[in-house]
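Visitor: Can you read through this structure? Questions will come right after.
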Amino acid sequence: MNNAALRHWKQQQRARLRELRQQVPVTQRMLWSDAITAVLTQGFPFLENQRIGFYWPHQGEYDPIPAMTFLRTRGATLALPEVISKDEPLRFIEWWPEAPMKKDIYGIPFPDNTRGITVDSIIIPLLGFDEQGYRLGYGSGYFDRTLAAMSPRPLAIGVAFEILRLPTIHPQQHDIPMDYIVTEQSILHRTDTGLVPLTAPIVQSETA
Ligand SMILES: Nc1nc2c(c(=O)[nH]1)N(C=O)[C@@H](CNc1ccc(C(=O)N[C@@H](CCC(=O)O)C(=O)O)cc1)CN2
Ligand SMILES: Nc1ncnc2c1ncn2[C@@H]1O[C@H](COP(=O)(O)OP(=O)(O)OP(=O)(O)O)[C@@H](O)[C@H]1O
């Protein structure tokens with residue numbers, strides 16, 4: 001596929017997946033979301049000791065707030081992304097329940113003037129994902145730019161429903177794969193040969 005064809009294909013997939021995500025019945029979404037919350041809170045015990053970047057849910061994305069506030073009660077420090085400008089990396093700033101909030105250019109709430117945090121792991125929403133752990137987002141490249149700019153690179157944990165899975169998103173040079181993807185069915189770990197489902201909780205030494 002040439003560049004123009006790829007751009008067109010990605011736009012079509014984004015529209016299709018957004019539609020698919022919106023059409024999930026509320027009760028189904030609640031069951032899937034509860035399953036993802038259980039996996040996030042039980043499958044990654046090391047998150048309790050980390051500074052975690054996550055996201056404020058937008059347009060039918062899985063809501064990570066319950067899982068994150070639980071991890072906070074266990075000791076985690078939480079941070080949300082601030083959009084600085086369309087071509088800069090996101091900046092993570094501290095969030096806690098009841099932190100003062102304002103809205104970014106997309107109408108997504110973020111903390112109002114709290115302190116910047118260097119995060120250890122980032123929980124990333126996936127509009128789509130593929131068998132190699134690559135992500136399809138809204139098309140502005142924020143998370144790729146953000147991961148590329150961070151050294152050491154934080155652990156990237158994508159979250160998505162299984163219906164958003166594609167064989168390939170035709171990754172480009174700038175695309176950075178997720179380390180793990182959590183769905184309502186399992187934790188998928190990215191290896192050189194593709195995503196592999198995990199059956200036991202991850203211990204911290206495996207992520208170092
Ligand atoms: N919940 C959440 N927060 C996030 C992201 C995200 O994907 N999800 N981001 C991840 O990048 C950053 C914000 N990026 C975003 C990029 C596009 C749109 C969006 O809704 N785009 C509209 C077009 C709006 C416009 O261009 O004015 C669209 O795609 O229809 C939202 C957030 C940081 N915060
Ligand atoms: N490290 C980077 N530095 C500069 N530009 C980048 C970087 N990574 C991605 N981009 C730019 O971001 C744009 C969007 O990339 P892509 O189509 O992969 O979006 P996406 O991953 O689906 O969306 P998003 O990350 O916004 O949710 C591309 O034009 C790309 O050139």
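We number each residue from 1, going along the chain as drawn.
Any Cβ shown, glycine's included, is placed from N, Cα and C.
Residues annotated as ATP binding site in TrEMBL: Lys10, Gln11, Gln12, Gln13, Arg14. Look at TrEMBL and you will find Glu61 tagged as substrate binding site.
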Visitor: Take the Cβ of Lys10 (ATP binding site) and count every other Cβ within 10 Å, whichever protein chain it belongs to.
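Guide: Result for Lys10 (ATP binding site): 18 neighbouring Cβ atoms inside 10 Å.
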Visitor: Give the residue from the binding-site residues Gln11, Gln12, Gln13 that has the most other Cβ atoms within 10 Å of its Cβ, counting over every protein chain displayed.
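Guide: Ranked by Cβ atoms within 10 Å, first place goes to Gln13.
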Visitor: Which residues in the same chain, at least 6 apart in sequence, have a Cβ under 8 Å from the Cβ of Arg14 (ATP binding site)?
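Guide: Looking at Cβ-Cβ distances below 8 Å from Arg14 (ATP binding site), excluding near sequence neighbours, one finds Leu127, Gly128, Leu136, Tyr138, Gly139.
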Visitor: Under 8 Å Cβ-Cβ from the residue listed as 'substrate binding site', six or more apart in the same chain: what's there?
Guide: Arg21, Tyr55, Pro125
